[in-house]
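Here's the structure we're looking at; comments come further down.
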Amino acid sequence: MIGGAGRGRRRARPPASLPTSTSARRTEHSVSCWYCDCKIYGFNDTLFSLGSKYARFMRGWFSIGVCFSLIALVGISLMLLWESIGVFYLRSGCLSAWLKNLLISGHSISIMDTTIIIMSTILSIAFHEFGHAIAAASEGVEIEYVAIFVAVLFPGAFVALNYDLLQNRPLFSMLRIYCAGIWHNVMLCAVCVLMTSLLPVVLYPLYVSGDGLMVSGIPRTSPLSEYLSAHDVILSVDGMKITRTDEWIKILNQDTTAKSSGPEFLEGSQRYVATNSGKGYCVPDSWMDASKNLWQISDKLPCPDELIAFEKAISNDSAIFTEKIGRGSDQKEVEGKYCLIAKDVVKLRKCGNGWQRTEDNGSSRACFEDEYCLVPALTPGFSWIEVSYAKPYSWGCLQRGGNLSSSSHATDNDLGQNPCEGSFVYVGDLLSAARSVRLSPYWPRWPLLFLADVPYILGNGLSSLLHASAALAVVNSLPVFYLDGEAILEASLSYISRFSRRQRHKILKVCCLVWTVLSVITFSRIFYSTTLFYVFV
């Protein structure tokens with residue numbers, strides 16, 4: 001949701017029946033079938049007094065904003081034009097991905113996240129319009145009213161100024177007023193970045209960080225809900241420690257298996273095909289012999305009970321392969337599979353090339369003579385991960401007097417027996433599972449669980465405010481109808497004396513028309529691709 005432009009409203013003359021006293025009439029409403037707004041007059045005196053009191057400082061401050069806004073207008077406009085040209089050559093540009101990251105939040109859709117996004121958008125719009133109002137007051141331009149509107153389904157806000165006084169100001173004074181909103185949004189982004197970097201220091205007295213991710217929320221529909229619960233701490237994935245939420249998404253996204261079949265090769269009379277899982281375990285012969293009594297050779301019958309299917313594998317430097325067994329030319333090929341208990345298998349030594357990111361990279365990946373390297377048999381699109389977690393606030397852990405720092409050094413054999421720690425294996429679509437869990441890199445030092453959500457709200461609130469403010473600055477930097485970019489371009493063209501007033505007007509209309517069309521196309525593509533992503537992922 002983007003707002004804060006209202007260029008047409010700013011240029012319009014105030015209505016003839018304007019209130020004569022702000023105390024007598026503080027608000028005014030107008031409603032139509034596609035547009036409704038609420039005009040607020042109660043802030044006029046306060047804003048004008050504040051801008052007039054610090055007029056000299058404000059003019060210097062917003063003069064810097066003019067330089068930045070002009071550079072942003074030219075740079076972003078050229079990027080949008082270049083990307084639009086690249087579409088005809090089937091070349092994807094970076095601007096769409098950049099704008100998509102700014103406009104679309106990466107948060108999961110929940111009541112808390114939705115509230116954070118709405119509040120961040122409101123604050124970004126309010127700070128944007130506050131910049132326009134203070135800049136106008138410092139130039140001696142009266143504020144008619146502050147309005148909040150909803151056009152069709154899109155909310156926004158604008159500051160209505162005295163148009164006669166505005167047009168009588170010098171060109172650079174007009175630019176300071178027009179560029180103030182963009183400049184304030186940029187400064188708000190800088191403040192968010194600074195506060196985010198200082199967040200670990202601020203939270204240090206009450207919270208722990210750097211040893212895992214706390215589950216601050218997990219819905220019942222999440223595929224991980226049967227393994228994890230709120231206030232659990234995820235310590236590692238496939239043996240790799242994670243300390244940031246982006247690492248969680250990155251690791252699980254990289255682990256998603258390819259949906260296409262791999263290469264094949266022949267060795268003697270046996271045929272091998274590349275498997276979609278390079279994570280193997282050294283399984284003793286005795287386990288495999290016991291498994292033969294459970295497995296029925298059929299592609300349609302799964303392993304009985306809660307067992308997982310594994311298959312023999314051999315590896316080379318670039319891939320890991322599983323053996324394919326043929327049963328005659330007319331008979332369907334089947335795989336030599338073994339049904340094993342996953343929680344027992346994960347305690348065995350690892351083999352294969354899918355463990356390159358784990359901490360024990362230096363250890364040998366070869367199995368002993370009485371062992372075979374088995375990998376999980378996965379369907380296309382599914383992956384296998386090991387997740388180690390801790391329950392520092394569980395009753396058993398608190399009774400034991402354990403804590404996260406002491407329990408994190410437990411051996412693999414203690415996992416499942418230690419009430420403070422555990423591990424599980426998840427097989428499925430990793431990316432959808434990763435997005436279904438709300439994580440925070442901070443958790444309370446003491447079992448004060450009512451404080452557990454505070455770091456998540458602060459961190460995601462700053463991130464959402466950064467994205468909303470940056471998106472508002474980027475969009476208003478474009479020379480588009482009814483946005484700040486149109487006013488900035490119009491005032492900038494007035495500096496070119498070789499063009500007549502009519503020529504400048506034509507240039508303005510042509511530029512605004514072209515970039516409005518390009519913007520509509522670009523944003524339509526962004527929202528369309530985002531909609532498809534959230535529907536199918």
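Using the three backbone atoms N, Cα and C, a Cβ is placed for every residue, glycine included.
Annotation comment: TrEMBL describes 119-246 as domain 'Peptidase M50'.
Residues or ranges marked as region 'Disordered' by TrEMBL: 1-23.
The transmembrane segment annotation in TrEMBL covers 61-82 (among others). Cβ atoms under 8 Å from those of the transmembrane segment (61-82) belong to residues 93, 95, 131, 135, 138, 172, 175-180, 182-184, 186, 473-474, 477-479, 485, 488-489, 492, 515, 518-519, 522 of the same chain, restricted to positions at least 6 beyond its ends.
Sequence annotations record features per position, and here TrEMBL assigns transmembrane segment to 102-125 (among others).
The transmembrane segment annotation in TrEMBL covers 145-163 (among others).
Taken from TrEMBL, the feature transmembrane segment applies to 183-207 (among others). Tertiary neighbourhood of the transmembrane segment (183-207): same-chain residues 62, 64-66, 68-69, 124, 127-128, 130-131, 442-445, 448, 451, 455, 458-459, 462-463, 465-466, 469-470, 472-473, 476, selected by CB-CB distance under 8 Å and a gap of 6+ residues from either end.
Under the heading transmembrane segment, TrEMBL lists 507-528 (among others).
Counting residue by residue with DSSP, the domain 'Peptidase M50' (119-246) contains 60 helix, 35 strand, 33 coil.
Mean model confidence for the domain 'Peptidase M50' (119-246) is a pLDDT of 91.
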